[in-house]
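Read the structure below first, then the notes.
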Amino acid sequence: MKNSTQLSDFILGAYFDGGTFRYLYFTIVMSLYVFIFGSNLLLIVVICVNRSLHEPMYMFLCSLFVNELYGSTGLFPFLLLQILSDVHTVSAPLCFLQVFSVYSYGSIEFLNLAVMSYDRYLAICCPLQYNELMTSNKVTKLIVAIWSPPLLVNFLTLPLIVPLKRCGNIINKVYCDNHSIVKLACSDTTLNNIYGLTVSALSVFGPLIVILYTYTRILKVCFSGSKQTRQKAVSTCTPHLASLLNFSFGACFEILQSRFNMNSSPNMLRIFLSLYFLTCPPIFNPLMYGLNLSKIRVTCKNLISGPTPQNQRCLSRLSHPTDRTRTRRWG
């Protein structure tokens with residue numbers, strides 16, 4: 001029988017000696033974090049301070065951008081410290097905190113995208129009833145529903161992994177994750193495995209059912225509707241679909257990597273793909289929505305470079321009462 005103990009720290013085994021290149025890696029990662037923090041914070045401020053953007057779709061986008069800040073902040077400061085460190089250890093409490101932030105970020109992201117698909121479904125399939133169905137009270141409840149269950153479920157994970165007696169302390173990743181810690185345990189982990197699989201299934205298949213249903217209905221309307229209807233549906237759904245596919249790719253690889261042995265893959269590839277769902281969506285989403293949604297794009301230009309007559313006319317046209325209903329329905 002292996003000796004078990006309650007180890008006070010973990011060793012992250014995926015790091016390698018970068019030599020003098022560590023400062024280059026540090027600069028690249030720092031630049032990415034500054035861009036993520038700045039771009040997402042800019043869009044949050046733009047949406048919050050402009051009353052013309054206080055509409056359901058933009059409120060869900062604001063929630064998405066807040067989650068990008070939350071997830072990246074749970075990873076990047078930690079990553080920057082580890083890049084410059086000679087010994088890649090992390091204290092157990094900090095490791096458990098990172099497990100909570102990383103997993104809750106992923107759950108919130110997917111649930112937020114599912115709610116956004118529901119919002120697009122109502123806007124496209126029920127345009128005349130949209131304002132009655134998507135009230136400000138309902139938007140508030142949906143945002144609470146996006147954040148509360150993932151935070152609660154992932155908080156309840158901690159009492160299952162913190163008391164585990166561990167026979168080792170080496171995690172073969174660049175950050176802490178739940179499954180890697182459970183695999184180090186000497187004691188029975190049946191409850192952890194059942195809870196983990198149940199939570200993973202609900203976190204994935206719950207939002208997935210909503211997304212598949214809403215897009216099935218949207219496609220039905222597109223095929224049976226006019227050319228103008230199809231064009232509007234494509235323009236309003238393209239950024240959301242791109243965000244969804246981008247996040248799903250990274251999340252799927254992370255789930256597969258945590259459940260199966262990927263040691264035969266190159267170390268750099270495993271590091272890149274394991275970080276994908278924590279780095280690419282926070283970079284990709286503000287660019288996608290900031291460039292594609294005209295109201296956000298024009299407001300950002302006014303905020304950064306100051307209002308110009310052309311931008312003012314464009315923003316006035318987008319906020320005109322007769323256009324506002326159309327903007328609210330179609331984004």
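Using the three backbone atoms N, Cα and C, a Cβ is placed for every residue, glycine included.
The structure displayed is predicted, hence computed values, not measured ones.
According to TrEMBL:
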DOMAIN    39-289  domain 'G-protein coupled receptors family 1 profile'
REGION    308-331  region 'Disordered'
TRANSMEM  23-46  transmembrane segment
TRANSMEM  58-84  transmembrane segment
TRANSMEM  90-111  transmembrane segment
TRANSMEM  142-162  transmembrane segment
TRANSMEM  194-216  transmembrane segment
TRANSMEM  237-256  transmembrane segment
TRANSMEM  268-287  transmembrane segment
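With a threshold of 8 Å between CB atoms, the same-chain residues lying at least 6 positions outside the transmembrane segment (237-256) that come near it are 64, 106, 109-110, 113, 116-117, 120, 124, 200, 204, 211, 215, 218, 262, 273-274, 276-278, 280-281, 284-285, 288-289, 292-293. Beyond the transmembrane segment (194-216), the same-chain residues lying 6 or more positions past its ends with a Cβ under 8 Å from any Cβ of the stretch are 106-107, 110-111, 113-115, 117-118, 120-121, 150, 153-154, 157, 160, 178-179, 182, 237, 244, 255.
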